[in-house]
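**Q** Would you mind keeping the following structure in view while I ask a few things?
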Amino acid sequence: MMTPARIKSWTFQAFVATLVLIGPIISAQKVPNCASTLGCFSFPAITSCPNPDEFWSPTAVLGGCCPGCVRGLALGTPCGTSTTTETTTDATETPSTCAPGLVCGVGSVCRLNTGDCLSTHHVPDSIQWVPQCDSRGRYAPKQCRGDQINGRCFCYSAEGKRIFGWSWRNRAQRMTCACSRRRADLEAEGRFDVTLHCTPDGNYEQLQCDQGVCWCADSETGTQTAGTRAVPEELWSLLPCYNETLHGVQYLRRCESVAFSQILQRKQFIIRGHRDVTFTDTLCEYDGSHELHARGMTGRSLILIKLRSEHCRR
């Protein structure tokens, strides 16, 4: 019996293997746990699959490294072991699992898996706004709503959560949210010392420092600006993108300095065996300013004034 995510026929897999050899090809996509060293054809994020019971998936073939069409049950279709139909030929086999973006939910029917961006492929066209997905089936960094005059664009994490950064839609042509997405990804991996600075629309500020290294960055990608060099953090003021009036005498902004000081204090308390010490957490935005709220000792949210004059002097 075929596995749930098996391609309808081996012909499609042979087609992909041929494309790997003749091009145009790209390296295997950056899919977690992808062990393939082969390339794969770059399919678009939203592809019209040939059959009504086939759905696009970013991990369809080559051990989950390449996109393609897989079989699955549609939205609202009964699911579970009781609905599985075994047949003797591939051509008439009934899918036994829900399509990508769906989950077998309450009532044993396929429902939207709202934590998966592929669920948006099953939303009816009558819905006014549908989130956009990237080529890996994750939420795209920039999501826009509304018309070109009054609409807005916001930055989102790969899991579909709002993160720092927004812009009016008519000014968002060069908005990538690359900085906000990178910070969100690093923090999700457990890094508490990320010091990348983002602009209000989620792009990179021109001067960046992180993990003791500073560089002049491209605002849309964060990559090092051509013709410049990265330097140790203590030499950051020698970079051509450094501006004393704009950047001040230290890279970390006031909120960040306080937040990092608290982190170090908490670690010292733990080292000395004091694990029950609590104090107000200082939370900073991705541009280094204070967040609108901070968590107090009792867990309550304390309203703060957002400070954007990061280099204020007493």
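Just so it is clear, glycine is given a Cβ too, placed from its N, Cα and C backbone atoms.
Note: TrEMBL annotation is automatic and uncurated.
Keep in mind that what you see is a predicted model, and the values were worked out from it rather than measured.
OK, TrEMBL features for this one:
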SIGNAL    1-28  signal peptide
DOMAIN    114-177  domain 'Thyroglobulin type-1'
DISULFID  CYS179-CYS198  disulfide bond
DOMAIN    179-241  domain 'Thyroglobulin type-1'
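Explain the structural surroundings of these features, please.
**A** Within the same chain, residues at least six positions away from CYS179 (disulfide bond) with a Cβ under 8 Å of its Cβ are GLY165, LEU196, HIS197, CYS198, THR199, GLY202, ASN203, TYR204, GLU205, GLY222, TYR286.
Averaged over the domain 'Thyroglobulin type-1' (179-241), the predicted model reaches a pLDDT of 96.
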**Q** Have a look around CYS198 (disulfide bond) and count the other CB atoms within 10 A of its CB, chains all included.
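**A** Neighbour count, Cβ to Cβ under the 10 Å cut-off: 27.
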